[in-house]
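Listed features, source Swiss-Prot:
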- 1-19: signal peptide (SIGNAL)
- 20-338: topological domain 'Extracellular' (TOPO_DOM)
- 25-115: domain 'Ig-like C2-type 1' (DOMAIN)
- C25-C107: disulfide bond (DISULFID)
- C46-C99: disulfide bond (DISULFID)
- N63: N-linked glycosylation site (CARBOHYD)
- N103: N-linked glycosylation site (CARBOHYD)
- 121-213: domain 'Ig-like C2-type 2' (DOMAIN)
- C145-C199: disulfide bond (DISULFID)
- N174: N-linked glycosylation site (CARBOHYD)
- N236: N-linked glycosylation site (CARBOHYD)
- C251-C315: disulfide bond (DISULFID)
- N252: N-linked glycosylation site (CARBOHYD)
- N266: N-linked glycosylation site (CARBOHYD)
- N300: N-linked glycosylation site (CARBOHYD)
- 339-359: transmembrane segment (TRANSMEM)
- 386-541: domain 'TIR' (DOMAIN)
- E473: active site (ACT_SITE)
Amino acid sequence: MENMKVLLGLICLMVPLLSLEIDVCTEYPNQIVLFLSVNEIDIRKCPLTPNKMHGDTIIWYKNDSKTPISADRDSRIHQQNEHLWFVPAKVEDSGYYYCIVRNSTYCLKTKVTVTVLENDPGLCYSTQATFPQRLHIAGDGSLVCPYVSYFKDENNELPEVQWYKNCKPLLLDNVSFFGVKDKLLVRNVAEEHRGDYICRMSYTFRGKQYPVTRVIQFITIDENKRDRPVILSPRNETIEADPGSMIQLICNVTGQFSDLVYWKWNGSEIEWNDPFLAEDYQFVEHPSTKRKYTLITTLNISEVKSQFYRYPFICVVKNTNIFESAHVQLIYPVPDFKNYLIGGFIILTATIVCCVCIYKVFKVDIVLWYRDSCSGFLPSKASDGKTYDAYILYPKTLGEGSFSDLDTFVFKLLPEVLEGQFGYKLFIYGRDDYVGEDTIEVTNENVKKSRRLIIILVRDMGGFSWLGQSSEEQIAIYNALIQEGIKIVLLELEKIQDYEKMPDSIQFIKQKHGVICWSGDFQERPQSAKTRFWKNLRYQMPAQRRSPLSKHRLLTLDPVRDTKEKLPAATHLPLG
């Protein structure tokens with residue numbers, strides 16, 4: 001049992017590793033370089049933004065290793081959530097790292113080059129690891145200590161920040177310099193304010209303190225007349241948001257570097273310790289001019305609360321002379337009935353198509369089942385004046401012993417099933433006519449009394465000369481097609497390849513209604529009505545409401561009806 005647990009554990013560990021090798025990730029061609037200071041703790045975020053609503057996960061790898069960086073916090077280099085931790089950074093940590101974002105449908109990765117730097121000789125920092133920031137002369141602005149928001153404690157507070165200039169402590173006199181959290185406010189910027197500013201703090205991790213240092217290259221730029229900032233987004237708009245969802249609102253401004261861009265809600269600025277709202281700042285210098293920047297302040301809403309629908313979120317940009325604003329109003333999502341309608345229409349269409357296909361394939365079985373199951377519940381039909389359900393028209397034998405299979409089918413098998421098992425009433429010439437009756441009168445009278453005309457076809461009947469040339473056939477087909485409008489059913493006892501030799505009327509009937517082919521034998525034994533031939537024939541017959549005469553009635557080839565003498569089944573009156 002213990003060995004089985006070990007084996008299952010190994011399988012669970014191997015499956016994710018194998019899947020990592022199999023997956024092919026799309027790589028973003030970003031040229032991202034991170035400079036870290038040796039022997040300092042550092043935390044860096046993946047440049048790719050995961051979508052937690054889609055189940056995105058982030059995994060870090062070093063170099064080309066297929067093994068993810070450990071999530072064990074005792075490891076000097078480890079991953080916590082989507083962040084990569086160096087506790088502390090060493091020179092040998094330099095190299096490139098892959099950040100991979102994946103879910104069940106896609107995989108993205110980006111390459112991050114990490115360089116761990118030692119301090120330059122005679123300095124308390126490395127000049128390669130500086131972050132340039134610019135302020136206008138004679139204006140007010142602020143220097144922001146970059147990439148330190150990850151060091152907030154459980155109360156969402158940063159450690160105390162100490163400021164230095166050119167490695168010497170900076171005097172915060174509250175006249176020219178003000179220290180506010182991770183920002184250094186500079187009043188009335190002057191040329192002599194140029195230099196390298198260091199923001200330093202101590203961060204405690206697992207009971208041990210580590211230094212955190214950032215170097216800002218403060219560059220002064222000439223005084224210039226301020227241009228009015230332009231808010232590109234939002235534009236006084238509304239956004240649908242689901243309650244409890246996580247969304248981002250972006251304030252995109254084109255203006256000066258010193259323009260302040262921030263969000264307000266319900267008349268107040270966003271508090272730094274708000275449990276649901278957090279701001280993130282970005283700026284990008286315009287390539288066309290060094291005096292204009294794209295300033296982006298992102299408001300991250302971790303959970304949309306009901307009160308957020310009451311008041312708009314206001315994007316504010318201001319400088320010493322100008323104040324601009326635009327708002328975003330959150331609204332509840334409007335139900336999208338379009339998708340439901342499309343889905344319902346597709347389902348309905350698919351259902352109809354399936355039903356039509358099923359009906360076409362099983363049409364005969366469905367109709368017969370309906371007749372057998374529901375005929376007793378339907379109201380009785382008014383009499384149509386017909387006596388017979390079908391008149392059987394077949395080639396007459398030329399002498400005794402000829403066409404014995406045909407006679408067996410006509411006088412034995414056909415009545416046995418249709419009359420004996422299903423109660424149909426057939427008129428068969430040679431069985432139901434009386435001695436001495438005129439053929440023309442018998443045919444004319446009984447075709448009119450029949451609901452169907454069943455024509456039986458066989459091969460080798462002298463080019464089918466019997467069809468349409470004798471008086472009986474002519475009268476029967478004429479009455480069925482022209483005078484009475486009776487439905488005609490063609491039965492092939494043998495496969496007939498060439499219908500061109502047949503009369504046009506037969507060709508027309510075959511083309512319009514098709515033909516039913518016999519597939520059984522001619523043994524004189526009880527027939528099963530469940531074969532395809534008998535089902536197709538019953539389908540062409542009228543709906544039967546009478547009970548069958550006998551489900552196992554066997555007919556002889558010389559039937560006697562009532563007390564009158566009938567003609568022998570194998571001998572018939574000559575036609576015409």
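Cβ atoms are placed via backbone N, Cα and C, with glycine included.
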Rounded to the nearest Å - Cα separation of C145 (disulfide bond) and C46 (disulfide bond):
19
Please give me the recorded positions out of C46, N63, C107, C199, N252, N266 that lie within 10 Å of C315 (disulfide bond), comparing Cα atoms only.
N252
From the recorded positions C25, C107, N174, N236, N252, pick the residue whose C-alpha lies nearest to the C-alpha of C199 (disulfide bond).
N174
Which one is it, among the recorded positions C46, C99, N174, N236, C251, that lies nearest to C25 (disulfide bond) by Cα separation?
C99
What counts of helix, strand and coil residues does DSSP assign across the domain 'Ig-like C2-type 2' (121-213)?
9 helix, 42 strand, 42 coil
Can you tell me the CA-to-CA distance separating N103 (N-linked glycosylation site) and C46 (disulfide bond), as a whole number of Å?
16
Residue from C99, N252, N266 whose C-alpha is spatially nearest that of N300 (N-linked glycosylation site), among the recorded positions:
N252
Rank aside, I only need the closest one: which of the recorded positions C46, N174, N252 has its C-alpha nearest to that of N266 (N-linked glycosylation site)?
N252
Using DSSP, would you call C99 (disulfide bond) helix, strand or coil?
strand
State the Cα to Cα distance, in Å, between N252 (N-linked glycosylation site) and C107 (disulfide bond), rounded to an integer.
29
C99 (disulfide bond) to N236 (N-linked glycosylation site): how many Å between their Cα atoms?
37
Cα distance (Å, whole number) from N174 (N-linked glycosylation site) to C107 (disulfide bond):
50
Counting across all protein chains shown, how many other Cβ atoms sit within 10 Å of the Cβ of N300 (N-linked glycosylation site)?
14
